[in-house]
Each structure stands twice: as C-alpha cells, then as structure tokens.
Amino acid sequence: MPGIRLLLAAALLCCPPPAGATSWWSLAQNPVQRPEMYIIGAQPVCSQLSSLSPGQKKLCQLYQDHMMYIGEGAKTGIKECQYQFKQRRWNCSTVDNTSVFGRVMQIGSRETAFTYAVSAAGVVNAISRACREGELSTCGCSRTTRPKDLHRDWLWGGCGDNVDYGYRFAKEFVDAREREKNYPKGSEEQARTLMNLQNNEAGRRAVYKLADAACKCHGVSGSCSLKTCWLQLADFRKVGDHLKEKYDSAAAMRINRKGKLELVNNRFNLPTVEDLVYTDQSPDYCLRNESTGSLGTLGRLCNKTSEGMDGCELMCCGRGYDQFKTVQVERCHCKFHWCCFVKCKKCTEIVDQYVCK
C-alpha cells in the first residue's frame, strides 16, 4: 500500500502513549465524520484523536476517508462481543472513556484476546464493504481470482467485497500501535504486545477465511441457466461464532528469553495464525474490582432454571438472587387481512425475573 510503511517507520520515532491508556476502539464512540464535511482551514481531525498512536494518526492523515469505517468496524466488533458474552459474567460492557473497556483490557486474558480479535475483524469487514460501495478513494470492487471450484459455466465478476484490501489496511492500522513499542526482550510487556498482534491477526483471518462466493441467476423466466458470481463477506455473526470457538480453545502462552511466545503446557499443539492466545488467567468477574476493571455481576439478570453460565448459581457466584415480576407486552392473535396487511392485538403477560444479589 503506497506510503503506509514509510509513514509507520517515521512514526516509530515518536513516543507511544502509556499501555492500555487509550485505544482506537474509541472511534466507535466518537465516529469521525466524512472529510468533505470539515470546515476549510480547521485543524485536521486526526491530530485531535488522542486515542490513536502516532502511526495511526499518520495513517489517519493519509486516509481520512477510511476513518469513518474504522469507527464502524470497531462498533461492529464491540456489538458482536456483547452478543457473544451476554450470558457470561463478563459481558463485554464498555465504559465512557477512550479506553472503551476500562482496566479489564490490561489483563492478558481470554476475554481480552477475543476483544482484540473481533475488533480487528470488524475493521476488515467495514473497509472491505466500503471499497465495494465506492466510498473510498484508494480501492474499489474485489479483484480476487476466480475460485477453482466454481462451476465452469458460471461467470466470475460483479462487484465483490474487497477483502484483500480490507485485510491489508486493517493490518497496517490496527497493528500500528503494537509495532511502535520496543520493550525489552523477554519482558511481560513484550509478551502482551505479541499476544495482541497474534489475536489481531486471528480476527482478520476469520473474516478472510469465511468470505465466499455469492451468485445471481440469469436466464429466461428465472431459469438460472447462467450465474454471475462475486466474493462476498460472511454475515458478521458467523465471524463472531467462529472467534467464540477460538476463545474456548485459546492457548495459554508465556514469553521466553528469546522474546518468543511459547506454550505454558507443551502437551497442547502450538497455536496457528488463526488461533487466539492469552498470557494471564481471567479474573472471576464476580465482584466489582477497581484494580482489575471488573464490574461484577450485582444486578445482572440470570436464568433460574439454567445450569449454564447464564444460570443464577454461576452468574451470581453463589451470592443468591432476588425475584421480581415484570409486565411484558407482545403481539398476539395476528390475522391476515385482504389485501395485504397483518393486524395483531397486544397481549400482556406477567413474568418472573431474577437478578443477582
């Protein structure tokens, strides 16, 4: 990508902000507006984004039209994280500052690994689609080669999601902060940097791997005698499900004297570039703890009959739960009327709900 690596090299001369203090994820909270909306003569928006590292600010200045979509990607990743963990003690809750997730991300846990991966995946997803939609000046439709297993009579063309460009740009931008760091070999700080880079890559690979051919039929009366196919991103829920499986099988790692991550337990297989890794055990997230950033589970809804993580016994960490009644309003007794609408009544139901003490 022209100019990006030179800009990143120059950015290495600058001093990075304190680890974990801020994050580009905050672009999800404060989306950057389109460049054409800036007031002429105003200070460039990139210099005002304190959550970006020096290298990321350089990329922002060069690719300002990309920033809105980086924010969208971060928002997509955060939303998916909250969906995947909604029934867990840690539910990917955010805080109202530029760290986005608070101090909990300073722990090199499985949860941190997933968050880095799904956020990086969100950027690939958003940039790839923006290319296809003609929103960015430096990319367009996908130019990926025809899949070998595509039916020989089908046409390969159309305007596909540009996953190649999305992957490359996300790698340069998201990894920039980690690449600017120069910690002592074998240090805990270096271990965390390598962990972040591994998980960022796993997230990007998930989007790349799950993208597939989509086709449209042509022919007389929809006979589908001919198809035109193109590359299309997978639904992001599929990416989230894939990364959640990687979370469940994440590898515990430690740093060695050579400055490389190695398995804590050699009986397991080495992680591939598609796997998540972590360096710290997760806190239990049961109680609010300012030092770890845990918000605790006080007041969380739980399922009285479930034996899973959403069950009251596990969610409430054995502290017990309170029961209360709530009124739910739902559509009911729906009927189709000619032509052509459905008319429903509203039904109310009193249901029991349970919250952790």
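Think of each number as a place in line: the chain as shown, counted from 1.
Each residue, glycine too, has its Cβ placed from N, Cα and C.
These numbers come from a predicted model, not from an experiment.
Cβ environment of Cys81 (disulfide bond): Cys92, Phe114, Thr115, Val118, Ser119, Gly240 lie under 8 Å away, each six or more residues apart in the same chain. The secondary structure of Cys81 (disulfide bond), as reduced to three states from DSSP, is helical. Sequence annotations record features per position, and here Swiss-Prot assigns disulfide bond to Cys81-Cys92 (among others) based on similarity to another entry.
The secondary structure of Cys131 (disulfide bond), as reduced to three states from DSSP, is helical. Sequence annotations record features per position, and here Swiss-Prot assigns disulfide bond to Cys131-Cys139 (among others) based on similarity to another entry.
Other C-beta atoms found within 10 angstroms of the C-beta of Cys141 (disulfide bond) number 17, with every protein chain shown included. Cys141 (disulfide bond) carries neither a helix nor a strand DSSP state and counts as coil. The feature disulfide bond is assigned by Swiss-Prot to Cys141-Cys159 (among others).
The feature disulfide bond is assigned by Swiss-Prot to Cys215-Cys229 (among others), with similarity to another entry given as support. Reduced to three states, the DSSP call for Cys215 (disulfide bond) is strand.
For Cys217-Cys224 (among others), the entry in Swiss-Prot reads disulfide bond, with the evidence type similarity to another entry. DSSP assigns Cys224 (disulfide bond) to coil in the three-state reduction, outside any helix or strand. The Cβ of Cys224 (disulfide bond) has Cys217, His218 as same-chain neighbours under 8 Å, each 6 or more residues away in sequence.
Around the Cβ of Cys317 (disulfide bond), the same chain contributes Arg89, Asp284, Cys286, Leu287, Thr297, Cys356, each under 8 angstroms and 6 or more positions distant in sequence. The secondary structure of Cys317 (disulfide bond), as reduced to three states from DSSP, is coil rather than helix or strand. Annotation comment: Swiss-Prot describes Cys286-Cys317 (among others) as disulfide bond.
Residues or ranges marked as disulfide bond in Swiss-Prot: Cys302-Cys312 (among others). For Cys302 (disulfide bond), the same-chain residues lying six or more positions away in sequence with a CB closer than 8 A to its CB are Asp310, Gly311, Cys312, Met315, Cys316, Tyr321, Tyr354, Val355, Cys356.
In this structure, Cys356 (disulfide bond) is part of a beta strand by DSSP. Look at Swiss-Prot and you will find Cys316-Cys356 (among others) tagged as disulfide bond.
Long-range C-beta contacts of Cys347 (disulfide bond), restricted to its own chain and to partners at least six residues apart, with a cutoff below 8 Å, comprise Val329, Glu330, Arg331, Cys332, His333. Here Swiss-Prot flags Cys332-Cys347 (among others) as disulfide bond.
Within its own chain, Cys344 (disulfide bond) has Arg331, Cys332, His333, Cys334, Lys335 as residues 6 or more apart in sequence whose C-beta sits under 8 angstroms from its own. Sequence annotations record features per position, and here Swiss-Prot assigns disulfide bond to Cys334-Cys344 (among others).
The disulfide bond annotation in Swiss-Prot covers Cys339-Cys340 (among others), and the record cites similarity to another entry as its basis. Mapped onto three states, the DSSP output places Cys340 (disulfide bond) in coil. There are 6 other CB atoms within 10 A of the CB of Cys340 (disulfide bond), with all protein chains counted.
Annotation note: Asn91 (N-linked glycosylation site) sits in a coil segment as assigned by DSSP. The N-linked glycosylation site feature in Swiss-Prot is assigned to Asn91 (among others).
Per Swiss-Prot, the feature N-linked glycosylation site maps to Asn97 (among others).
The N-linked glycosylation site annotation in Swiss-Prot covers Asn289 (among others), and the record cites sequence analysis as its basis. According to its DSSP assignment, Asn289 (N-linked glycosylation site) is in a strand. Long-range Cβ contacts of Asn289 (N-linked glycosylation site) within its own chain (separation 6+, distance under 8 Å): Pro283, Gly296.
The N-linked glycosylation site feature in Swiss-Prot is assigned to Asn303 (among others). Non-local neighbourhood of Asn303 (N-linked glycosylation site): Gln87, Asp310, Gly311, Cys312, Met315, Tyr354, each in the same chain, at least six residues away, with C-beta under 8 Å from its C-beta.
Taken from Swiss-Prot, the feature O-palmitoleoyl serine covers Ser221, and the record attributes it to similarity to another entry.
For Cys312 (disulfide bond), the Cβ neighbour count at a 10 Å cut-off comes to 23, with all displayed protein chains included. A gap of 39 Å separates the Cα atoms of Cys229 (disulfide bond) and Asn91 (N-linked glycosylation site).
Non-local neighbourhood of Cys131 (disulfide bond): Cys139, Gly140, Cys141, Ser142, Asp161, Asn162, Tyr165, Gly166, each in the same chain, at least six residues away, with C-beta under 8 Å from its C-beta. Fewest other C-beta atoms within 10 Å: among the disulfide-bonded residues Cys139, Cys217, Cys339, that description fits Cys339.
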